[in-house]
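For reference, TrEMBL has these:
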{"type": "BINDING", "residues": "A:643, A:649, A:683, A:687", "note": "[4Fe-4S] cluster binding site"}
{"type": "BINDING", "residues": "A:687", "note": "siroheme binding site"}
{"type": "DOMAIN", "residues": "A:6-294", "note": "domain 'FAD/NAD(P)-binding'"}
{"type": "DOMAIN", "residues": "A:322-385", "note": "domain 'NADH-rubredoxin oxidoreductase C-terminal'"}
{"type": "DOMAIN", "residues": "A:426-473", "note": "domain 'BFD-like [2Fe-2S]-binding'"}
{"type": "DOMAIN", "residues": "A:562-623", "note": "domain 'Nitrite/Sulfite reductase ferredoxin-like'"}
{"type": "DOMAIN", "residues": "A:634-770", "note": "domain 'Nitrite/sulphite reductase 4Fe-4S'"}
């Protein structure tokens, strides 16, 4: 125990945490007493996605530390304590709380601090920076009494801050010293388009403005005075004029510091004291500070490897600073030598003012290699271009084809992923190489979702998703895995293709479909799939004689078959609301037919043990009592769960029950590739657990937050926030489009969660299609949904009103009566199916009521 | 052997099945493209009387019904399980007389 070495990490940000994760992953964490000390009140959180805090206003959503991580690896994590001194001679650090800690190895991951230009007045009230959750909380609090907000700095972080201020409902200004936005990453042409797009969003951009004074305003709190004589009044001011390495601790302990700041490190991330490492934005390697997350993580991995003895030989030898991001909904990407500073470099530029797209590539003098690129408005080429640049792949004869739109519909000149070496880094966020992906495919991964799960590729920024998909397909092909996506032997099509054939060909029955596009007699795979598609498209009564034989077990009898051949019955209780009379009616029916009753997870009541011939009788009574079918048997909307909401709850901010009932009644009966579950919560406490549903709605003070593609069940998935603070009309519009798009494009039996994980382009793409209507299909989707809603019928009501249909529920075609083999026993005051043993003993058996 | 009339052709939906009770025996009767087939109704994997409620179709040109419980397939002409040939259900002779379906017992 006592010979364990003391390893201390100063700074618990994303990079410090990555270091700890790397140590933990090596399995050698137990060889050390590990302590991490952070000055912020909370442990490591995702600073890269800081702006996402505004979506939930909950710090927990940005947390990077897995539950139990510190305990499992016996790491002591200290928050709210600032390390103030290093005694290198005795290897002791001291803190502002008066504590001292002994170290053998020290890692400085102190990050950076925002640079605030020394303009007179910069220390006034309501002047902020944008780095921590506390900064965001302060900005939010100040915004309540503010009308105007301004950001000084038009770089990447400044635009993030501007988005936050805009989302807080303030008139927003961005003030930039340089002649264009994002001056480092983007050239004049790209900057001009970026500016236009951001101004179209209602943000006012002021370039070439040198702020000289901040004083009292007349119409707002502050007045900014610029060198050119112009003025601007604002209530809130956020400084985002760049970062400076947080190297104070290192300076004070006389470690080597760069001329313009930064703790000098070698390739192992060691400082001038070999027992002290520095990683992330506080470190200076090769005269350069790396202000991006990926290089910070690379340093963390290299330092961890070296601390552990260098078994893997990882070093940090600089990093590519290419970036792709979305700023206020605008795609921006920059690769390598974006400004064509390399001698002899030549540029190709493509500008489409109609679609607002700017693309430029920079190639070497010989035209052989790609040196850099700038993309604004459409960054889809980023992955391909980056691979060309990083791996020095020889460019095609006409490199301009890589950024020109392919008008004739031919495949774009992309990079065959085969051209990439195994070492090519595909996912830079998580350091996943092409070789790693190929190994995972060889190990059995067959979908993008599998690869995400086992390699973490494409799980951080998602920029590489398309490329990951290409590597997957190429590798599967190489392995001789014929990627057969046919639904079954009877149709050489995917579910999605069959859907289109049905919709476009106006096909109304399985016979027509088989005759036109299939062969054989069909089977239990294609028949239910076709039945579901026919219902999604035309919403006919599913027990029409020509449809009945297609239906899956449960749809066939409009009830859920249980293990002994009996059925369970679930009447709809929209939103989980039921009257006392309704409850009594359900109870009366259950008692009369001696059914086992249970409350479901979806806030309604399930009645078990009904025989085939009892089903119409039971439903007759339920319908007379005012109930309708709950579609518990269908691949369709099950329930919309709700909490009690603002009508009763003292915390509720909207009528969640009312909304849940409206939503359930709107989408009931919609047939889909798999079952659908939804929920509405009346406030952020989320008692309805909406974030585990396919569609989740959470009330806010301004309207609703919409979440999509969550799942509980077998493979839980937290839903993604899709739209914030929208009104009810917009909510319904988005859900209409979302559901129909899912119905159109998902595979058979694919829940929305898996569908999204495998959707190329992921959540961003989905938002584009649904919110921005990028495919121009929104009106169609809404019309298709309207048709389904118009044609809704309670299938049980239709059934019991038709004698011929009721006959289909007889147990026997030739005699009356029920199946004598069905017997029950009593348990906890109700029936349950008898086991084979109990049947053989033939004691205390209960026959069907 | 004698032929017993069970029901008329129109009592069975196209490409679907019904169950008939013959004494204590339950028989699943299917109509596929106008042809009639009859096998036992008891699913040997679940011991529940459910095969008549399965989906009929073809697998590699063999006509079969899929058990609605655990989805094993049974050959409509022989009663043999396609997934496990050691398991089978009884098979019955059937014929149509005009509009009537008859089974041999």
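Cβ atoms here come from the backbone N, Cα and C positions, even for glycine.
Counting Cβ pairs closer than 8 Å and at least 6 residues apart in sequence, the domain 'FAD/NAD(P)-binding' (A:6-294) and the domain 'Nitrite/Sulfite reductase ferredoxin-like' (A:562-623) reach fewer than three and form no contact. Excluding A:643, A:649, A:683, A:687, which define the [4Fe-4S] cluster site, the same chain contributes A:644, A:645, A:651, A:652, A:656, A:681, A:682, A:685, A:686, A:688 within 8 Å (Cβ to the Cβ centroid), listed in sequence order. Proximity of residue A:643 ([4Fe-4S] cluster binding site) to non-local residues of its own chain (separation of 6 or more, Cβ distance below 8 Å) is seen for A:649, A:652, A:656, A:657, A:680, A:681, A:682, A:685, A:687, A:688, given in sequence order. For the domain 'Nitrite/Sulfite reductase ferredoxin-like' (A:562-623), the number of residues in each DSSP class (helix H, G, I; strand E, B; coil) is 26 helix, 14 strand, 22 coil. Within the same chain, the domain 'Nitrite/Sulfite reductase ferredoxin-like' (A:562-623) packs against the domain 'Nitrite/sulphite reductase 4Fe-4S' (A:634-770): three or more Cβ pairs sit under 8 Å, each pair at least 6 residues apart.
Taken as a whole, the domain 'Nitrite/Sulfite reductase ferredoxin-like' (A:562-623) shows an average pLDDT of 96 in this prediction. Under DSSP, the residues of the domain 'BFD-like [2Fe-2S]-binding' (A:426-473) split into helix, strand and coil as follows: 26 helix, 4 strand, 18 coil.
Counted within 10 Å of its Cβ, the other Cβ atoms near residue A:687 ([4Fe-4S] cluster binding site) come to 18, all protein chains included. Sequence-distant contacts of residue A:683 ([4Fe-4S] cluster binding site), defined by Cβ-Cβ distance under 8 angstroms and a gap of at least six in the same chain, are A:645, A:646, A:649, A:651, A:652, A:653, A:654, A:698, A:699. Taking DSSP states H, G and I as helix and E and B as strand, the domain 'Nitrite/sulphite reductase 4Fe-4S' (A:634-770) has 52 helix, 33 strand, 52 coil.
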